[in-house]
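Right, one structure below, let's go through it.
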Amino acid sequence: MRTSMLRTLARRTSTAGTCRGFASESAPDRKVAILGAAGGIGQPLSLLMKLNPLVSRLALYDIAGTPGVAADVSHINTRSEILGYAGEEQLGNALEGADVVIIPAGVPRKPGMTRDDLFNINAGIVKSLCTAIAKYCPHALVNVISNPVNSTVPIASEVFKKAGTYDEKRLFGVTTLDVVRAKTFYAGKAKVNVADVIVPVVGGHAGVTILPLFSQATPSANLSSEEIEALTKRTQDGGTEVVEAKAGKGSATLSMAYAGAIFADACLKGLNGVPDVVECSFVQSTVTDLPFFASKVRLGKNGVEEVLGLGALSDYEKEGLEALKPELKSSIEKGIKFAHA
């Protein structure tokens with residue numbers, strides 16, 4: 001079982017195609033730090049990153065509870081060395097020398113709670129953690145999972161700008177879960193093998209700002225406009241679907257951990273020089289008139305190698321693109337304003 005999971009991570013199919021993996025013995029040393037490692041997303045994410053043969057050191061940080069998570073995960077017989085850190089005084093040690101930093105820290109959504117309701121708590125957490133990243137590992141690739149991503153990524157950018165360390169090529173909002181959901185839902189409706197499915201998802205990472213481009217999906221399927229609209233709506237509301245199904249006892253933690261591990265794996269492959277690694281991500285962008293936007297991104301040794309365009313859109317997708325812009329613009333501005341408060 002372990003071997004097959006490792007193969008899945010090492011040889012998985014990206015948004016744009018197949019990425020060649022590395023055997024652990026040939027991979028360079030790479031340190032990954034997970035901030036919020038004892039939480040609902042952080043624990044399964046720690047497990048999945050321990051299974052990744054591209055990771056040589058895995059630093060697990062949280063305000064409490066991390067020594068237990070680290071001890072548990074450290075018993076798994078894979079390449080990476082595990083170190084657990086708890087409390088703000090140990091944050092610097094967790095970050096020092098990190099190549100990739102993943103931030104799932106924050107509070108989860110609860111029934112009736114919008115992503116906006118999460119804002120003040122999670123925004124403060126991200127601001128604090130990014131201040132430490134700027135100090136201890138300013139050249140790391142930073143993968144922001146903490147919601148609302150449409151605001152927390154702009155917050156991170158402003159923190160890094162203030163510290164004089166900002167590099168737009170190294171900051172990512174993780175929107176991979178939207179892609180994972182779009183692929184799953186599309187495969188079910190089109191009755192195709194989900195492993196073969198590619199669906200770009202653009203825009204942002206909340207509600208109507210999530211725009212799956214089913215017109216570009218492969219393998220192509222002759223779905224009706226009603227079916228496309230239903231798939232789009234389900235992709236947009238995927239987080240709410242899980243929150244409601246868990247009846248107030250949690251949010252999308254397991255699927256989010258999987259998506260976070262997939263994106264971190266792509267970042268590591270890019271750093272290691274694997275060609276043609278393409279994933280969707282919320283990054284600084286000129287694809288639209290908004291300063292940040294999720295679209296396909298080619299990853300490389302410096303993070304973002306190229307932000308790819310949207311391609312041909314259907315009329316329905318063009319309408320969706322225009323409809324999402326005001327809300328996404330407002331969320332971005334809210335993050336920038338918070339960072340300067």
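Just so it is clear, glycine is given a Cβ too, placed from its N, Cα and C backbone atoms.
Please treat TrEMBL annotations as automatic predictions, because they have not gone through curation.
As given in TrEMBL:
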DOMAIN    31-173  domain 'Lactate/malate dehydrogenase N-terminal'
BINDING   Gly36, Ala37, Ala38, Gly39, Gly40, Ile41, Gly42, Asp62, Asn122, Ile145, Ser146, Asn147, Met256  NAD(+) binding site
BINDING   Arg109, Arg115, Asn147, Arg181  substrate binding site
ACT_SITE  His205  active site, proton acceptor
Pairwise Cα distance for Gly42 (NAD(+) binding site)/the residue listed as 'active site, proton acceptor' [Å, integer]: 19
Alpha-carbon spacing, Asn122 (NAD(+) binding site) to Asn147 (substrate binding site), which is rounded to whole Å: 7
Closest of Asn147, Arg181, His205 to Gly36 (NAD(+) binding site), Cα positions, recorded positions only: Asn147
DSSP-derived helix, strand and coil totals, residue by residue, for the domain 'Lactate/malate dehydrogenase N-terminal' (31-173): 66 helix, 28 strand, 49 coil
Model confidence over the domain 'Lactate/malate dehydrogenase N-terminal' (31-173) (mean pLDDT, whole number): 95
Cα-to-Cα gap, Ala38 (NAD(+) binding site) vs Arg181 (substrate binding site), nearest whole Å: 25
Sparsest-packed of the listed recorded positions (Arg181, His205) - C-beta count within 10 angstroms: Arg181
Whole-number Å value for how far Asn147 (substrate binding site) lies from His205 (active site, proton acceptor) (Cα to Cα): 9
Distant-in-sequence Cβ neighbours of Gly40 (NAD(+) binding site), under 8 Å, six or more positions away: Pro108, Gly250, Ser251, Thr253
Arg181 (substrate binding site) to Ser146 (NAD(+) binding site) - Cα separation in whole Å: 18
All-chain count of other Cβ atoms within 10 Å of Ala38 (NAD(+) binding site): 22
